[in-house]
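For reference, the structure is listed below as structure tokens.
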Amino acid sequence: MAAMAVGGAGGSRVSSGRDLNCVPEIADTLGAVAKQGFDFLCMPVFHPRFKREFTQEPAKSRPGPQTRSDLLLSGRDWNTLIVGKLSPWIRPDSKVEKIRRNSEAAMLQELNFGAYLGLPAFLLPLNQEDNTNLARVLTNHIHTGHHSSMFWMRVPLVAPEDLRDDIIENAPTSHTEEYSGEEKTWMWWHNFRTLCDYSKRIAVALEIGADLPSNHVIDRWLGEPIKAAILPTSIFLTNKKGFPVLSKMHQRLIFRLLKLEVQFIITGTNHHSEKEFCSYLQYLEYLSQNRPPPNAYELFAKGYEDYLQSPLQPLMDNLESQTYEVFEKDPIKYSQYQQAIYKCLLDRVPEEEKDTNIQVLMVLGAGRGPLVNASLRAAKQADRRIKLYAVEKNPNAVVTLENWQFEEWGSQVTVVSSDMREWVAPEKADIIVSELLGSFADNELSPESLDGAQHFLKDDGVSIPGEYTSFLAPISSSKLYNEVRACREKDRDPEAQFEMPYVVRLHNFHQLSAPQPCFTFSHPNRDPMIDNNRYCTLEFPVEVNTVLHGFAGYFETVLYQDITLSIRPETHSPGMFSWFPILFPIKQPITVREGQTICVRFWRCSNSKKVWYEWAVTAPVCSAIHNPTGRSYTIGL
């Protein structure tokens with residue numbers, strides 16, 4: 001039987017299904033489809049023309065089986081190789097009550113039979129604006145059974161009437177719908193999944209036509225939970241050798257869908273009759289193998305896509321060995337630090353003083369020693385003399401530092417087992433070097449740590465980094481909204497999980513506007529009264545109808561002069577993977593109309609024991625203030 005099944009887009013191989021409207025002999029058809037290389041079959045569970053009557057006699061009591069026996073296939077085949085399809089005559093949102101009632105009963109009958117068979121997924125059409133009753137019937141079905149099927153909503157990328165050739169150009173058309181053109185089908189989907197309360201079991205099967213909408217519409221779809229892409233054979237062109245191919249625009253869309261690991265469903269008859277039907281599938285395989293290779297960041301992040309992690313608290317907690325190990329593997333970060341220290345040493349020590357002027361360097365938060373090694377390499381590269389202090393509060397990491405010193409560094413490095421804020425330094429430093437930044441710059445309390453340590457920096461001393469800025473951007477992602485919603489803990493407030501940030505490799509999301517700077521900190525901080533509390537207001541113009549689920553956070557830092565590190569997408573340091581972005585969720589999704597502005601307020605607050613963020617949306621509508629008094633999330637000092 002087929003090598004793989006529904007839900008298994010494993011490795012680089014394309015997972016694909018064949019869509020058929022009529023299957024006279026199910027076992028034979030399944031065998032033939034598997035032979036062509038497909039992994040599953042989409043087919044009606046009942047005969048598509050067999051309309052059942054649920055209210056009127058005598059048809060209501062018609063004898064005989066309603067559909068064919070489940071014994072035609074093994075349980076395993078039903079479970080893995082068949083995706084059910086709803087009969088095309090079922091219209092639960094019909095304005096005619098008799099049709100509506102009959103459709104409801106027939107739909108439940110088909111869904112229940114699909115659950116009885118244990119189908120992995122069921123395809124349901126979304127092909128009009130009003131799908132409210134469809135949503136109700138499906139939601140009730142999901143909440144009553146113990147089945148685990150996924151429900152794939154078949155949504156066209158462009159509404160069928162937008163492709164009509166019979167509309168006279170520039171003539172007024174009768175528009176009854178609120179949204180026209182490219183917006184339409186996304187609004188059908190958005191309203192439907194909102195009615196279904198963002199159920200994790202409802203996903204998109206996106207039907208791709210010959211005409212593609214504009215890029216921003218496609219971008220928005222890619223923030224949705226797309227599980228399948230339906231490709232009609234009619235959209236394929238023919239190359240010189242008679243094989244089916246896709247246009248360049250379609251190829252670009254396929255590449256982006258492959259990144260989301262969607263499964264492809266081929267529908268329609270063979271339009272390239274001299275070629276085997278499997279040539280459509282072979283072309284998709286060809287595209288998969290010839291897509292741009294993943295970069296170093298994507299390779300490192302594999303498996304972490306949209307996986308929520310709690311931000312580290314290295315001040316309050318001692319990190320584990322593996323955590324240090326991951327950070328030390330970053331090839332870019334430490335070469336940038338080395339370059340910054342190198343430039344700083346050259347600026348501070350003129351050539352004629354290179355043998356007499358010994359610069360005192362203090363690595364604050366030395367961890368297992370990567371910055372100490374970067375400093376030693378920089379001194380060698382600059383041909384300047386340095387004296388090093390490696391200060392680390394984690395007693396476990398100090399063991400590693402002391403071994404380094406014993407085996408490699410010698411008397412050039414002094415290892416100090418102490419919190420930098422409490423250490424009484426024997427002398428003042430020319431340069432302090434630290435790597436205390438989190439995904440949102442200051443969220444691992446770099447400002448508080450460095451402010452507490454700057455009393456042992458000389459008046460003309462330098463801090464590396466010298467400055468850092470956090471950035472925020474509004475995003476839409478039902479995947480991430482659902483992931484956050486699922487983080488509910490039984491002893492906490494039911495919405496506490498929406499009042500804390502998460503470190504996450506953003507993947508299945510749509511950024512609604514470019515990131516804007518939020519908070520900036522500079523070191524050394526020479527203000528007479530140091531206050532690291534902050535408040536900012538950011539306004540983001542939005543050019544599409546969409547829904548806001550939260551904010552992505554990034555940072556940029558100036559290590560020294562023109563040497564920088566960044567995880568802001570526009571300026572991301574190539575190949576650097578030490579930091580994933582941070583996510584600040586909001587409790588309730590907010591619908592945003594094209595042309596509106598999203599206004600967010602962000603606070604950085606603190607008391608003597610902890611630091612926390614608070615945030616609120618104030619336009620286009622007001623949200624609650626999230627995390628007041630740090631009730632759900634704080635960072636311990």
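Backbone N, Cα and C define each Cβ position, glycine as well.
Between the candidates Glu320, Glu435, Swiss-Prot assigns the protein site shared with Phe327, Glu444 to Glu435.
Listed by sequence, the residues of this chain that lie at least six past the ends of the region 'Dimerization' (488-494) yet keep a Cβ under 8 A from its Cβ atoms are 631-632.
Secondary structure at Asp419 (S-adenosyl-L-methionine binding site), taken from DSSP and collapsed to helix, strand or coil, is coil.
Taking every pair among Phe327, Glu435, Glu444, the residues recorded as binding protein, the greatest CA to CA distance is 15 Å. Neighbours of the protein site: apart from Phe327, Glu435, Glu444, residues of the same chain with C-beta atoms within 8 angstroms of the site's C-beta centroid are Leu312, Pro314, Gly365, Gly367, Leu436, Leu437, Gly438, Ser578.
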